[in-house]
Amino acid sequence: MNDQRESESTTTNGVQIRQPRGLPDFLHTVNLKHVKLGYHYLITHLLTLCLVPLMAFVIFQAFQLNPNDIHQLWLHLQYNLVSVIVCSVFLVFGATVYIMTMPRSLFLVDYACYKPPSNLQVNFERFMEHSKLTGDFDDSSLEFQRKILERSGLGDETYAPESMHYIPPRQSMAAAREEAQQVMFGALDVLFANTNIKPKDIGILVVNCSLFNPTPSLSAMIVNKYKLRGNLRSFNLGGMGCSAGVIAVDLAKDMLQVHRNTYAVVVSTENMTQNWYFGNKKSMLIPNCLFRVGASAVLLSNKGKDKRRAKYKLVHVVRTHKGADDKAFKCVYQEQDDAGKTGVSLSKDLMAIAGGALKANITTLGPLVLPISEQLLFFSTLVAKKLFKAKVKPYIPDFKLAFDHFCIHAGGRAVIDELEKNLQLLPIHVEASRMTLHRFGNTSSSSIWYELAYIEAKKRVRRGDRVWQIAFGSGFKCNSAIWEALRHVKPSSSNPWEDCIDRYPVQVVM
């Protein structure tokens, strides 16, 4: 087991690297500034927290009045007309300001994940045979890829793009566009069919794809395909890695706070056709073994009427960016090898940087989501340790008390293992991530939606449940999105798991 762990790979930005150690035990070392940031988020909503009990107290007192009290109050008001008018103006003004500035609720109406046709499936034997037939890899590189595949956690039913099934592979711009259109349009067709939303009703479009950014953009492809309206607010995010799906949701959320009564669509994907590495640098070979075809399309709404049919409500988005540090910035870096072949280079500091980003993210997230009892225990031990230098054992918050379901980016088996251990999760909490990695591979930023689809297919989501989506990306970033279920959620039509969910979970070879 120890030998296996030492040769195991771990992932971020959809890319794995071999490390002799797992993630650092980040829950035992936290930074006060990240805790302060989390409490800053709470303070920004302090007005709401104060007004709610005040209004409840006023209403309670009003119900205690008898008819004689009401008559005396009316007589008093008649002789103080100016005071009544002034108070009324201030009340109306205050209520108007409060209503205009309060954040609008954001609803997730539905989402769809692309499921490729069966002819694009690639098992281990086919993958290795294809890699050998290309003639680009030496024996050492072929053996390295074989070992990575054996320990990756991927099954035999993942999908590679059509262009990679040819010998030699078709890496043209046209082939890359075909892959992008196939996955994006496939997910969007299902989304529009399931929601009965007309494409012209979409007011905001956000597309994220890290490594393929043609001109016209991928968002323009969608506008052209579905003939979206001319005043559409469209955005195309590139180079942001596997955490870009959460970033895209955050951008859509901000836009929906400004633009009333509209829909936003978020499309998350990655493109493999032009980004398959055909060299022999081992740290650049790992993405070939893990990346697979996938895409998701999410429909968001700020319309109050959509609450009845929506699946979830967005509760929080917490983003952490470590790009100010040079090591973090360069730990996942696209470059050319000595032979001039392009790939993604991975730093030996990758795991330490990933642990630091995750530590910062969950420390900021804690005050927003943990029960008050957990917050008090965590904060008191932290203050004792940091300010008073007391030799106390750090309290590890129980995030299982804050969340019912966990969608950890399915970038690699080792990261899922380490998060399970460090957050003290149960096997069922990481089941969706493991099974998504097994069935679909690393689909980059869309993987967290395949995981949520798995949980729904298992019919585990109940009204009031909270879902934590967490993903890592180049830069270096760690981002979290928290959703609350508005009803008992059933799987939508064309759920990517509908024809195989009864076979899962499966035992993954360790």
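The count begins at 1 with the first shown residue.
Using N, Cα and C of the backbone, Cβ positions are placed for all residues, glycine too.
Those TrEMBL annotations? Automatic predictions, nothing curated.
Record features, source TrEMBL:
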| type | residues | note |
| --- | --- | --- |
| TRANSMEM | 39-60 | transmembrane segment |
| TRANSMEM | 81-100 | transmembrane segment |
| DOMAIN | 99-387 | domain 'FAE' |
| ACT_SITE | Cys242 | active site |
| ACT_SITE | His321 | active site |
| DOMAIN | 404-484 | domain 'Beta-ketoacyl-[acyl-carrier-protein] synthase III C-terminal' |
| ACT_SITE | His405 | active site |
| ACT_SITE | His409 | active site |
| ACT_SITE | His438 | active site |
| ACT_SITE | Asn442 | active site |
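Features per TrEMBL, on structure.
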residue	record	contacts (Cβ under 8 Å, 6+ apart)
His321	active site	Gly475, Phe476, Lys477
His405	active site	His429, Ala432, Leu452, Ile455, Arg460, Val461, Asp465, Arg466, Val467, Trp468
His438	active site	Gly153, Leu154, Gly155, Val506, Val508
Residue counts in helix (H, G, I), strand (E, B) and coil for the domain 'Beta-ketoacyl-[acyl-carrier-protein] synthase III C-terminal' (404-484), per DSSP? 37 helix, 21 strand, 23 coil
Which whole number is the mean pLDDT over the domain 'FAE' (99-387)? 93
Give me the count of other Cβ atoms within 10 A of the Cβ belonging to Cys242 (active site). 33
Validating a neighbour-count step here. Other CB atoms within 10 A of the CB of His409 (active site): how many? 35
How many whole Å apart are the CA atoms of His409 (active site) and Cys242 (active site)? 8
Including all protein chains shown, what's the count of other C-beta atoms within 10 A of the C-beta of Asn442 (active site)? 29
To the nearest Å, how far is the Cα of Cys242 (active site) from the Cα of Asn442 (active site)? 9
